[in-house]
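Feature list (source: TrEMBL):
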- 170-219: domain 'LRRCT' (DOMAIN)
- 212-255: repeat 'EAR' (REPEAT)
- 259-306: repeat 'EAR' (REPEAT)
- 308-351: repeat 'EAR' (REPEAT)
- 355-398: repeat 'EAR' (REPEAT)
- 400-442: repeat 'EAR' (REPEAT)
- 446-488: repeat 'EAR' (REPEAT)
- 1-30: signal peptide (SIGNAL)
Amino acid sequence: MAGLRARLGSGLGLLALSTLGLCLMLQVGAKRPPKTPPCPPSCSCTRDTAFCVDSKAVPRNLPSEVISLTLVNAAFSEIHDGAFSHLPLLQFLLLNSNKFTLIGDNAFTGLSHLQYLFIENNDIWALSKFTFRGLKSLTHLSLANNNLQTLPRDIFRPLDILSDLDLRGNSLNCDCKVKWLVEWLAHTNTTVAPIYCASPPRFQEHKVQDLPLREFDCITTAPSAVHCKPMVVDSQLYVVVAQLFGGSYIYHWDPNTTRFTKLQDIDPQRVRKPNDLEAFRIDGDWYFAVADSSKAGATSLYRWHQNGFYSQQALHAWHRDTDLEFVDGEGKPRLIVSSSSQAPIIYQWSRTQKQFVAQGEVTQVPDAQAVKHFRAGRDSYLCLSRYIGDSKILRWEGTRFSEVQALPSRGSLALQPFLVGGRRYLALGSDFSFTQIYQWDEGRQKFVRFQELAVQAPRAFCYMPAGDAQLLLAPSFKGQTLVYRHVVVDLSA
């Protein structure tokens, strides 16, 4: 028994030693640190820093523990979105002395711990307002010695705790685009090194921080003609140009210089936002009327007198008028004013008062965008386009208009009747579907659908005979202006 016990004890001891050896091997394996990625050939790395020279791209295989990265003399020029997102612990980033020209909107996304960012001595001309989005911990930012001429408004707004900013050595153009910067510098708690203007000449070498805000005249308007109308008065050519911005004017053609010269302004307090223009003669006198679509203006009538046009009458104030149509029938000149806020108004000319007098409303169409008219036989018709709802064809019955036809329309801002030879057509444009061409059916006294035209968002239609060609011009708001030719095909031949 003693011998057996000794042999068993020895066996158990060997088993115990084997088990202990296995445990030691497992423990050693468990404590082995993960394999560190190799440092890129263009970089010098320590455990938490990397210094890279002549890199062809932002290094992707750096240790994720890197908190400091320096890139100099890089062999690429653009930093794209998310370029550093694989280094979420980064606190210090230096991108000096490179040839960077473009930095993407979200180039620094994912760097929520970044505190120091230096982008100096590069060739950056402009930045996006979203360049620094996501840098909530940034305290020091330097953009010194680049070619920045302007900065997007509120570019520094995402930098909540920015304490130091350096913009020196840039060619800032101190125009209205940097007015916001002057205002920001006056109120920010960030320490900003002195910045100087490179242009315009009157501000050259001036410190941006010292520029007076009153020097910035930043409320500007850009000409935006919505209508022009030629008139020949006493053998002289005049053109009235109505513009949304920049004022409306009357020009006179000078045959000696073969140029138009400005004759006079149209009162901007009266005509604030013109939308349409009509010129016409009544009893030998020339007039023009401008539909005003602003809340504060009024549709206005002007009359030619000796050497200029003078205000004759204010019509339909504060109704956002959209279109005018002059109709001279039965010896009674009328002006029809359409509005987006109420039914079209009919004004009739009073020869004793020398002005238009309201005669009534076209009650069948409460919100016409535009109004056009035509004659067929002895009857007069109105074509009223609507943006939402059916456009309408109305016939004058002597004392009122009656509805003849409703045309399905959605997004319609243009409805134009025109005559080609003996054929009468109607073009109905739309922002949401094809333009519909209708032809007048004399027997039924209605328009019937004739053809579709692929015009994007037409704003007008103009019929123009050109020699043997009969042309229809369709200016587009969203695409190209298209020209269609009227062709008659004899199918019996």
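Backbone N, Cα and C atoms are what each Cβ position is placed from, and that goes for glycine too.
Bear in mind that TrEMBL entries carry predicted annotations, made automatically and left uncurated.
Within the chain carrying the repeat 'EAR' (400-442), a Cβ under 8 angstroms from the stretch's Cβ atoms is held by residues 360, 362, 364, 369-370, 372-374, 376, 381-394, 448-455, 457-463, 470, 472, 474, 477-478, 486, all 6 or more beyond its ends. Summarising model confidence by region, the repeat 'EAR' (400-442) averages a pLDDT of 91. If one looks beyond the repeat 'EAR' (355-398) by at least 6 residues along the same chain, the residues whose Cβ comes under 8 Å of a Cβ in the stretch are 276, 301, 312-313, 315, 322-325, 327, 329, 334-336, 338-349, 404-417, 419, 424, 426, 428, 440, 442, 445-447. Summarised by DSSP class, the composition of the repeat 'EAR' (446-488) is 0 helix, 25 strand, 18 coil.
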